[in-house]
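Visitor: The N-acetylthreonine annotation in Swiss-Prot covers THR2, and the record cites similarity to another entry as its basis. Annotated domain 'SH2 1' per Swiss-Prot: 6-102, in sequence order. The phosphotyrosine annotation in Swiss-Prot covers TYR62, TYR66, TYR542, TYR580. Summarising the annotation, Swiss-Prot assigns domain 'SH2 2' to 112-216 and lists sequence analysis as the type of evidence. Marked as domain 'Tyrosine-protein phosphatase' by Swiss-Prot on the basis of sequence analysis: 247-517. Under the heading substrate binding site, Swiss-Prot lists ASP425, CYS459, SER460, ALA461, GLY462, ILE463, GLY464, ARG465, GLN506, citing similarity to another entry as support. What Swiss-Prot lists as active site, phosphocysteine intermediate is CYS459, and the listing cites sequence analysis.
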Amino acid sequence: MTSRRWFHPNITGVEAENLLLTRGVDGSFLARPSKSNPGDFTLSVRRNGAVTHIKIQNTGDYYDLYGGEKFATLAELVQYYMEHHGQLKEKNGDVIELKYPLNCADPTSERWFHGHLSGKEAEKLLTEKGKHGSFLVRESQSHPGDFVLSVRTGDDKGESNDSKSKVTHVMIRCQELKYDVGGGERFDSLTDLVEHYKKNPMVETLGTVLQLKQPLNTTRINAAEIESRVRELSKLAETTDKVKQGFWEEFETLQQQECKLLYSRKEGQRQENKNKNRYKNILPFDHTRVVLHDGDPNEPVSDYINANIIMPEFETKCNNSKPKKSYIATQGCLQNTVNDFWRMVFQENSRVIVMTTKEVERGKSKCVKYWPDECALKEYGVMRVRNVRESAAHDYTLRELKLSKVGQGNTERTVWQYHFRTWPDHGVPSDPGGVLDFLEEVHHKQESIVDAGPVVVHCSAGIGRTGTFIVIDILIDIIREKGVDCDIDVPKTIQMVRSQRSGMVQTEAQYRFIYMAVQHYIETLQRRIEEEQKSKRKGHEYTNIKYSLVDQTSGDQSPLPPCTPTPPCAEMREDSARVYENVGLMQQQRSFR
């Protein structure tokens, strides 16, 4: 399980019912502290339009439902009953299903809050990426509803690589909507608490000073709260000497990871293949390149095209199965690579092509025309393409093409080319709505074709706009699959696609645009959820909402996804033997410098 924000630490039973009935669907659930038995918990589940409350006992040794299976943590109990449908029943035998976790909002939008992170994971992060004084805040796994401040400490010199460096964990209690570290002053928010101890460091009884010098920021966010993260990333630097801030800081950190992705590109560097590359240094990784199998066996370089397979990893990790959708990221065709392009499309059984560039921009060729005129037929080497029809939407042109091998015209395949025409020559679109509507149409088409191969995406170099479109589409697919309350990680997703094709997402503007597009998608989706709830209450049929104000010429919106995630993934348990060095063992040093 990748998140435990189904736990709501500060709500009553009435508030839980209201949340589940207004934001949830049948099968939605949450956990909360028991008001009648302090220390115990309650599982609230929506079923048949009503809410059932189930008591969870915390004996101090284990968690259970007053009988039955016993668990070390609340998270393990919830995960077990999510995975084992039919195990949770009422006295009359009716099954209670836990399908969709209804997540609680993060207690803060600060980037130092890492949410569901174990102690071991925090130590690994702080050791590998932090330095003396680096800190983060996370949810407590042993005490649901509380939090933990994890700080990297070192010797007095603050040498980050010193063998004496360690990580200290301080429990943060949350009681009656106030936060404290087991004694002393209480604070209205986690942010107030952290700011206080940044100025007034805590000191262990052994003398170690817990200096909160610099936050170790997370890039993980709850998709539903992306507006708060965008607001944080958009803040100006606090001081003029602090250049790195927000989007620029995240993107620059991502750029510094490129040295970890120096995979071989020998095939693209071969002398015989150099004229097949639009840009001499933008080459495909060997381990993910598309290998053409139908070439001349006497011509070893006939298997080469500047293209890579991109496989989203979020599904394979959770489901151990082949992803529903994959991509081919490739460059814009050259005159001498058009034949190879169509060989690739045919070989991979690709049925959808996404073109994100004009043929010529600012007087420079970006992609040669690789399709025939409307109602015309043209042969490209061993492949034949027939342009059946073209239709123009506001931002793109849709072409219906028939592809076959020369001499095998009776085995034509339909290939749909979506040509996005309104990406500006400089920068990125001012409104992400047009891109989202475009990707929605592409998604519907791909979904409608049985056993369709990878979606082919290209611009000119096949990395900038191509990477931006693919990353946005992957993130939206995660939200479709897991719901608006799922976790997403923009830099991690970009790093994942960059491990399969070098340089995907080229500029800070493209990086920022990804955030803006996902934010726009979430806002629109939340409006649709609200409208659906209103319509259900009124008994009216639900009306779709478009991502942009421009009327589109084809396709309805996709069915509304569940509000919350379904597939549970394995989670790391907190080490029960881990000792919290809490403020009971510390004293406050107010004037430390």
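Here the Cβ of each residue, glycine as well, is placed from N, Cα and C on the backbone.
Neighbours and distances for these, please.
Guide: According to DSSP, TYR62 (phosphotyrosine) is assigned to coil rather than to any helix or strand.
The Cβ of TYR66 (phosphotyrosine) lies under 8 Å from the Cβ of LYS55, GLN57, each of these being in the same chain and 6 or more residues away along the sequence.
Counted with DSSP, the domain 'SH2 2' (112-216) comes out as 21 helix, 35 strand, 49 coil.
Neighbour count (other Cβ atoms within 10 Å of the Cβ, all protein chains): 22 for GLY464 (substrate binding site).
Remark: CYS459 (active site, phosphocysteine intermediate) has GLY332, MET355, THR356, THR357, LYS366, CYS367, ARG465, THR466 as non-local neighbours, by Cβ distance under 8 Å and separation of at least 6 in sequence.
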Visitor: In whole Å, note down how far the CA of TYR62 (phosphotyrosine) lies from the CA of GLN506 (substrate binding site).
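Guide: Checking the Cα atoms of GLN506 (substrate binding site) and TYR62 (phosphotyrosine) gives a distance of 50 Å.
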Visitor: Assuming the binding residues for substrate are exactly those in the record, ASP425, CYS459, SER460, ALA461, GLY462, ILE463, GLY464, ARG465, GLN506, what is the maximum CA-CA distance in angstrom, rounded?
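Guide: Site span for substrate, by Cα atoms: 15 Å.
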Visitor: Could you find out if DSSP has GLN506 (substrate binding site) as helix, strand or coil?
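Guide: GLN506 (substrate binding site) sits in coil per DSSP, no helix or strand.
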Visitor: When the Cα-Cα distance from TYR62 (phosphotyrosine) is computed for each of the binding-site residues ASP425, SER460, GLY462, which gives the smallest value?
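Guide: Checked the binding-site residues ASP425, SER460, GLY462; minimum Cα distance to TYR62 (phosphotyrosine) goes to GLY462.
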Visitor: May I have the DSSP-based helix, strand and coil counts for the residues of the domain 'SH2 1' (6-102)?
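Guide: Counting residues per DSSP class in the domain 'SH2 1' (6-102), I get 21 helix, 32 strand, 44 coil.
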